[in-house]
Ligand SMILES: N[C@@H](CCC[C@H](N)C(=O)O)C(=O)O
């Protein structure tokens, strides 16, 4: 089976082009785990499938490195957009991508040689109700700074869905964020029926954040695009940033520019890179 390994700010996935390759549905989870294994597979944060869509120009499916399927992936979307444009799966510079979390819209920035540099993704509107995230509890109001007991500590969580669930916590110093110790506890906390991606954010200013993540199904990664979008939305909800004003998010693997637009959509812009292509024996 032919594969392409790509990354967005160090968040790497094995990409399979379903226009060329066939993977049986019942083997998707085990294939994702195997491909992600650095010793027996290739090594990555998971697997992403690029295939035909009946409602959009292209379809993305994302599997974490534990084999669980997620509904969205911001860094993956930028790579899917670059791959799709450069491999002629789409012919326009602006096109839609179907995800299990809903449609998104990609715009690729193309140089004179036809290569895609940065990619902007309109991620649509964040979903803020408890039911949409999901997080247990009553009412329709956004979950902002809600107290949660984790490992004997009390943390304050702002919950945002970008098609997939995020729990954002603000800290004074990003270096001291308890990503490794609290990440796995918050990920599987009983407050989140579908589990959750856990993110820590240090606010530098209204236009600058530091960010660290423990991803649901993959653990610590270099970057999480949907998480960075959730961090900006959470910053606005907590009064640390302004709607309509772009924010630079510093992740372990590099920077993303994100704006929660006045019309309610979240726009993310950043890089997408190839690592290698090859064949694996299924
Ligand atoms: N790395 C991704 C998110 C991947 C899915 C996530 N771990 C989940 O289970 O929801 C990104 O860049 O957004």
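Placement of Cβ uses the backbone N, Cα and C atoms for every residue, glycine included.
Predicted, not measured: the structure shown is a model, and the values here were computed from it.
Annotation for residue 73 (active site): spatial neighbours 13, 48, 60, 62, 99, 164, 225, 226, criterion Cβ-Cβ under 8 Å with sequence separation of six or more. Annotation comment: TrEMBL describes 73 as active site.
Feature annotation from TrEMBL assigns active site, proton donor to 73.
Per TrEMBL, the feature active site, proton acceptor maps to 224. Annotation for residue 224 (active site, proton acceptor): same-chain Cβ neighbours under 8 Å, separated by at least 6 residues, are 11, 74, 75, 197, 199, 213, 215, 251. A coil conformation is recorded for residue 224 (active site, proton acceptor) in the three-state DSSP classification, outside any helix or strand.
When Cβ atoms from all protein chains are considered, those within 10 Å of residue 164 (substrate binding site) total 26, not counting its own. As annotated by TrEMBL, substrate binding site applies to 11, 64, 74, 75, 164, 197, 215, 216, 225, 226.
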Residues flanking the substrate site, with Cβ no more than 8 Å from the Cβ centroid of 11, 64, 74, 75, 164, 197, 215, 216, 225, 226 and excluding those residues themselves: 62, 70, 72, 73, 76, 213, 218, 221, 224, 227
Pairwise C-alpha maximum, in angstrom, for the residues (11, 64, 74, 75, 164, 197, 215, 216, 225, 226) that bind substrate according to the record: 16
